[in-house]
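Heads up, the thing below is written out as structure tokens.
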Amino acid sequence: MTEIRFSTDKESFIETARAAADGTRVPVEARVTVADPFEAYRRARDENTDGFYLETTGGQSGWGYFGIEPIERVEVSAGATPAQDGGSPSLEAIDDLLDREHLERGDCTVPYPCGAFGWLSYDVARELEDIPETTVSDGLPRLQFGVFDCIAAWEEPHDGNVEIHVTACPTVDGSPESAFERGRTMARELAQDAIHGEKHVQSQPTAASQATFESECGEAAFADRVRQIKQYVRDGDTFQTNVSHRLTAPAAVHPVDTFDAVRRVNPAPYSALLEFPGVDLVSASPELLLDVDGDQLLTEPIAGTRPRGATPSEDEDLEVDLCSDEKERAEHAMLVDLERNDLGKVSEYGSVDVAEYRRVDRYSEVMHLVSLIEGELRDAVSIADAVAAVFPGGTITGAPKPRTMEIIDEVERTRRGPYTGSIGMFGFDDRATLNITIRTLVHYDDEYRLRVGSGIVHDSVPEAEYRETLDKARALVTAVDEALGEQGSFAVESETEPMEGMR
């Protein structure tokens, strides 16, 4: 089962390389069968270098990926100054990278045989819109990506043993023969590490009583935020605003162990583990912000939530309630309209289409209303331009987007950071896939941070909106409990008083 098999022959590699410009990357592919891709990642990773693991369970990409030890890091700091032309430093960093990196894939079918993998903060929005600086900044970067020239990929969903495609993408400068041999060496080394490496994670378990999540505000203060937004709705400033609060707890268990538990507790279409300098992300995101494949664009907005039922019958009743709720239907329609308009900014005229409308997707703790919107990218529009058009997602800001982001900054105490930004990947042959970073633990400064939010409209009930945020947090907190080896009581504390609901 652990035999390494090369599927790229030298002749086809050389033929592809000779037809490409100098500096182009050309993949060399090896294959190996493993019992579990995440175990392979745990064996290949190293405590002293960056790594990523992206897993889909029915998302649009249909593939999972992992990589270790990037050849380049791309980071934009929290205090980045605007570009000379007034543009976004973060998106210009992406543009610059994609301008100098090119892939000629030959017969390789892996969508991302190499690329830039990482995350963008919600605060990239400050580079795109004039948002007041009223929330507290904790210094987290605006953007962190690693350039990985050798990755492991596999098709999702999978059951039982999995064939992993290890793709190494050396640059071809002068000698295609030498590049081919470099590629074989790179692919072989990653495959061998994935099979035979040692698992380096050493969690230091902490008593669950010392790992209780605490809300920055609690139910009463969150209700005040909801009432403040409802006043803005009455005044005509906004139709809908997504408001969140931050939960924190000591980092009692390693992010790798936490993500392993997340995979079992709440598998999600755009799950991710990122281990980057100073910041680790553990994500169980269900939502796609943007998928680009050549000139084809996709976005998949989520708006409308119910908790899962305790029985199949109760689950069906909750779905009927969700689909018939006029508030949820109206909110979903409004946000689909917003996403259509955003995608239309960079799409060919008449190409934007709602391919699926208000389907119901189920997860371990909640169910959602979901739609799928497609478009065709206009000529001479870059992938970074497409990201700018839709970022941040309308479902986690509100409408109208610019004014709503000002309101968010006014009512939320702390900056969102990675929350409601994006995790994903940029390929080197006109493709990208980015989620919306929700249901995500941020491991920073020896603690876990988990932001959860809810969309507020004119008839929102503050207590119900707070409970919805706890429903959304439940799966991640349960995963932390499982990684701790505890049966979670799911209790939350505010700064001043204990609250039922979350641990």
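The chain as shown is numbered from 1 upward.
For all residues, glycine too, the Cβ spot is worked out from N, Cα and C.
Residues or ranges marked as L-tryptophan binding site in Swiss-Prot (evidence: similarity to another entry): P269, Y270, S271.
Same-chain residues at least 6 positions away in sequence with a Cβ under 8 Å from that of S454 (chorismate binding site) are, in sequence order, N242, V243, S244, T305, S460, E465, Y466, E468, T469, K472. In three-state terms derived from DSSP, S454 (chorismate binding site) belongs to an extended strand segment. Swiss-Prot lists G304, T305, Y419, R439, G453, S454, G455 with the feature chorismate binding site.
Annotated Mg(2+) binding site per Swiss-Prot: E331, E468, in sequence order, evidence recorded as similarity to another entry. Secondary structure at E468 (Mg(2+) binding site), taken from DSSP and collapsed to helix, strand or coil, is helix. For E468 (Mg(2+) binding site), the count of additional Cβ atoms within 10 Å of its Cβ stands at 20 [all protein chains shown].
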DSSP says P269 (L-tryptophan binding site), in three-state terms, is coil
One should report the C-alpha separation between G455 (chorismate binding site) and E331 (Mg(2+) binding site), rounded to whole angstrom, as 8
Neighbouring CB atoms within 10 angstroms of the CB of Y419 (chorismate binding site), all protein chains considered, total 26
Roughly how many angstrom lie between the C-alpha atoms of G304 (chorismate binding site) and S271 (L-tryptophan binding site)? 20
Looking at the binding-site residues Y419, R439, G453, whose Cα is closest in space to that of Y270 (L-tryptophan binding site)? R439
Using Cα coordinates, what distance in whole Å links Y419 (chorismate binding site) and E331 (Mg(2+) binding site)? 21
Rounded Cα distance in angstrom between P269 (L-tryptophan binding site) and R439 (chorismate binding site) is 12
